[in-house]
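Student: This is the structure, below, for whatever I ask next.
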Amino acid sequence: MSMLRLYTRVLELLGKEARLGWILAGANLLLAGAQFAEPVLFGRIVDVLSGSPAAGPFGMTSTSPWPLLAVWVVFGLFTILCGVIVALQADRLSHRQRQAVLTGYFEHIMQLPLTYHAGTHSGRLMKVMLQGTDALWRLWLGFFREHFAAMMSLVVLLPLSLTINWRLAILLFALCIVFTMLTTLVVRRTFDMQNEVEAHFSDLSARASDALGNVALVQSFVRVDAEVQGLRFVVDKLLAAQMPVLSWWAVVTVMTRASTTITILAIFAVGIVLNQRGMTSVGEIVMFVSFATMLIQRLEQVVSFINSVFMEAPRLKEFFNVLDAVPAVRDRPDAIDAGRLQGLVEFHDVSFSYDGKRPAVEDLSFVALPGQTIALVGPTGAGKSTAVALLHRAFDPQSGIIKIDGMDIRGLTLASLRRNIGVVFQEALLFDRSIAENLRVGKPDASEEEMRLAASRAQALGFIERADRKFDTHAGERGRMLSGGERQRLSIARALLKDPPILILDEATSALDAVTEAKVNAALDEVMKGRTTFVIAHRLSTIRNATRILVFENGRVIENGTFDELLARGGHFARLAKAQFMTQDGSRIGQPS
């Protein structure tokens, strides 16, 4: 992405603030004109004081400095007032839009597929969000407060200076050319270097976030020194990449200062010669020295702006790369909200592949009637989780169709579909909030009585009541203030509180002890009545009462039947059952464990 295209996208993100942006641009143009008038008036006053008549206001010749001074005061007051208004509005625009873009970015990444999040470190996404929106804020603020006015000053000053004295104006053009050449040279030399610097920043953020997320592991294995040393290594590489960039921009600063001094001396030298030949006045020499001083300030602001865009470019590229990531599924324009569904689920020749090469699910077909419990078993990677992910549209199949109550799920809004499906994940997912807030994820308006009932059914009420703050107890980051079994029971209670017609249990009882598991299974047996339930299971003892069992292998269903039917066939499921029962408790096949 070119620098011009990059900055165009920065301005496009102004969105609803674009109208105010245009108003600020017009105000900056007026400011540029007013600021140009001040050196002109200064020069004319010098001419008057030195005994030469000068052009006064409204085209009149003035022999008194007072009218010129009065006009200067008017322009000065206008510049101050307009500058204050522009600065205030630029500040407000930048802050408002930063928060709007940050919110939009957050909403966007929350809609990206789980495969994207699995391959992208959460610390990197946070770093891209914060650094990207901060970069946008700095560029918007600088552009509308200073940099655009500086550019407009160049547009106004250079052409008008030619109309006053083209010989002295040539020196100003020469100064601009030198600035442009130096800036272009350094940008080209350091562009790749700055990209490398930002890559090291990303590594630094990811490594620090990774270590902090596994602090228990670091302390347990006495890895503090090793992790600190690893971080220092990344910091050293970052500094090694950063120093050459800083050196090049330091050279630009020195060279521009030198060219500035040379230009002012040249204006005096050429001005003296022209004055001696009667081709310019003392006032015009002073005027062009003021022009040069103003031009230098504006050029430095423009270079600062270019430097800002250049320095922020890698961060903004990362930011736009995330924004350009496409969600796996979207609502169709004609998608409907079907309300509460009955739970009749149909898969018809459904196939899906993550990489377009190896199918994760292939030609999957089955029907689950309302109230039935369908168990999905098989080795890791066989396609069980992919099948249920397709059901709640984490992805859409490449071929085939999935229906609920006879409707293609792609014709339902995502919100409508997912309101009708409750999921209990194998790893309990909790927010760093209170137990009540975590439970209300399932039903935002749930009363305390409803939460107590759901917690009781999930065998979670006991430990909640024992806590000092009951339902206001803080769960901690990822629920770390609770045990694994407690986290999982809250996850089950949350799904029960949601009360969906379709329930997905992904090894929902795997984190529970035997006694609690038995109680939760009894509660789940009761709550699954009247719901279509999909159970992903590795422990076959947990699915003995399933209506039907689908045995997966390499994305296909190789066996299909009840628990006893599959045992009687003596196939793949029977071998799994024999291996598990013999290793778990030594009971014979077919005997409840």
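Every residue, even glycine, has its Cβ placed from backbone N, Cα and C.
Got these off Swiss-Prot a minute ago, pasting:
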- 21-311: domain 'ABC transmembrane type-1' (DOMAIN)
- 22-42: transmembrane segment (TRANSMEM)
- 68-88: transmembrane segment (TRANSMEM)
- 146-166: transmembrane segment (TRANSMEM)
- 167-187: transmembrane segment (TRANSMEM)
- 254-274: transmembrane segment (TRANSMEM)
- 285-305: transmembrane segment (TRANSMEM)
- 345-579: domain 'ABC transporter' (DOMAIN)
- Gly378, Pro379, Thr380, Gly381, Ala382, Gly383, Lys384, Ser385: ATP binding site (BINDING)
Student: Within 10 Å of the Cβ of Ser385 (ATP binding site), how many other Cβ atoms can be counted across all chains shown?
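Tutor: Neighbour count, Cβ to Cβ under the 10 Å cut-off: 21.
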Student: Count the other Cβ atoms sitting within 10 Å of the Cβ of Lys384 (ATP binding site), across every protein chain shown.
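Tutor: Lys384 (ATP binding site): 25 neighbouring Cβ atoms within 10 Å.
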Student: Inside 10 Å of the Cβ of Thr380 (ATP binding site), count up the other Cβ atoms and send me the figure.
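Tutor: Neighbour count, Cβ to Cβ under the 10 Å cut-off: 7.
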Student: Pick out which of the binding-site residues Gly381, Gly383 has the most other Cβ atoms within 10 Å of its own Cβ.
Tutor: Gly383
Student: What is the one among the binding-site residues Gly378, Pro379 whose Cβ has the most other Cβ atoms less than or equal to 10 Å away?
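Tutor: When each Cβ's neighbours within 10 Å are tallied, Gly378 leads.
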Student: Can you count the other CB atoms that lie within 10 A of the CB of Ala382 (ATP binding site)?
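Tutor: Other Cβ atoms within 10 Å of Ala382 (ATP binding site): 21.
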Student: Can you tell me the three-state DSSP label for Pro379 (ATP binding site)?
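Tutor: In three-state terms, Pro379 (ATP binding site) counts as coil.
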Student: Which of the three DSSP states, helix, strand or coil, fits Ser385 (ATP binding site)?
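Tutor: DSSP assigns Ser385 (ATP binding site) to helix.
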Student: Cβ within 8 Å of the ATP site centroid (Gly378, Pro379, Thr380, Gly381, Ala382, Gly383, Lys384, Ser385 excluded): which residues?
Tutor: Thr386, Phe552, Glu553
